[in-house]
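Among the features that Swiss-Prot reports, domain 'ABC transporter' is placed at 2-241, with the record citing sequence analysis. Feature annotation from Swiss-Prot assigns ATP binding site to G38, Y39, S40, G41, A42, G43, K44, S45; the stated evidence is sequence analysis.
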Amino acid sequence: MIELKNVSKVFTTKKGNVEALKSTSLQVKKGEVFGIIGYSGAGKSTLIRCVNLLEKPTTGNIIVNEQDLTTLSTKELAKARQKIGMIFQGFNLLKTVTVYENIALPLRLAGVPKLEIEKRVEKYLRIVDLFNRKDAYPSELSGGQKQRVAIARALSHEPEVLLSDEATSALDPETTDSILDLLLKINEEIGITILLITHEMNVIQRICDRVAVMEHGAVVESGTVKDIFTNPQHVTTKKFVNSAFAAKIPAEVQKELQRTGEIVTLSFIGNSSGEPALAVATKRFQVYPNILSGNITQLKHEAYGKLVIHMQGEQNEINHALSFLQEQGIIVEGGRTDYGKQVLFG
């Protein structure tokens with residue numbers, strides 16, 4: 001559906017050339033929600049703007065719907081862009097016209113027949129649950145409602161791809177969740193492919209199927225959201241994963257606790273998150289776990305949790321208990337054994 005092949009982007013400034021993208025390649029499958037996450041300056045905004053050629057790449061190929069956009073004429077590119085919708089952090093609504101007209105006007109400019117315009121505007125305003133505000137002006141809407149209008153406008157052209165450029169970063173947490181739920185609903189009901197960029201791990205974990213992590217203009221790690229959460233490799237990825245869990249154990253506390261036992265991080269995914277495996281382990285083996293911190297969250301359609309424990313007991317008993325937990329589908333990290341390299345909350 002979307003493929004970037006060795007895409008680079010160099011901006012020329014008074015101080016010299018700035019390489020915003022460095023030979024970046026990635027693939028987005030048809031019908032999935034693909035997230036790109038990175039800190040400010042990572043290159044994610046440049047990347048997503050290259051997908052519809054709002055930014056023309058310096059080198060590389062952009063393939064969308066089996067068309068290499070970098071080879072198209074101006075007329076051909078304009079036609080191809082009709083199948084690529086985009087929403088932004090700023091809503092870009094026309095302040096002097098109604099919600100209805102904000103959606104209808106671009107369709108008129110595109111030459112869509114009047115009856116078809118009426119049909120589409122009603123259809124997509126109902127999808128975003130704003131049909132009852134069709135005669136309102138943008139100044140009368142909340143931030144979340146404005147973004148819903150922007151989403152309806154993008155969908156009214158009936159694209160196959162929807163690009164989201166930090167669409168929720170200006171919204172409060174509750175409104176962000178409602179917009180994410182709406183995007184997930186659109187993906188599941190309409191089947192549209194969504195490519196989004198964000199600096200918030202909450203966005204990735206709530207609606208994405210796969211994710212790419214960017215740093216300094218390059219993709220440093222990518223995979224399914226489940227794999228990224230349960231087995232992050234790059235240091236930047238680990239920071240993002242840890243940001244989803246508020247707990248942090250001070251180094252001094254860790255050092256003191258490690259004198260009397262092992263600090264272990266247990267990760268639960270899917271069905272294992274609801275099983276009393278730790279309780280069973282304490283009955284089966286002579287180990288005494290003390291819970292230091294814990295959290296459970298949702299990765300799109302399955303639960304994911306982390307539990308940091310201080311486990312006391314004879315080393316042999318601890319080893320057997322941790323092996324038992326792994327057999328129950330729990331990911332075990334930390335401690336003095338080879339169950340993991342480090343405690344993620346350290």
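Glycine residues also receive a Cβ, built from the backbone N, Cα and C atoms like all the rest.
The model shown is predicted, which means the values in this text are computed figures rather than measured ones.
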Secondary structure at Y39 (ATP binding site), reduced by DSSP to three states:
coil
Using the centroid of the Cβ atoms of G38, Y39, S40, G41, A42, G43, K44, S45 as reference, list every other same-chain residue with Cβ within 8 Å of it (recorded ATP site), in sequence order.
H199, M214, E215
For K44 (ATP binding site), just count the other CB atoms lying within 10 A of its CB, please.
28
Long-range same-chain neighbours of G43 (ATP binding site), Cβ under 8 Å, sequence gap at least 6?
K9, A20, L21, K22, T24, M214, H216, G217, A218
What average pLDDT does the predicted model assign to the domain 'ABC transporter' (2-241)?
94
Identify, among the binding-site residues Y39, S40, G41, S45, the residue whose Cβ has the fewest other Cβ atoms within 10 Å in this structure.
S40
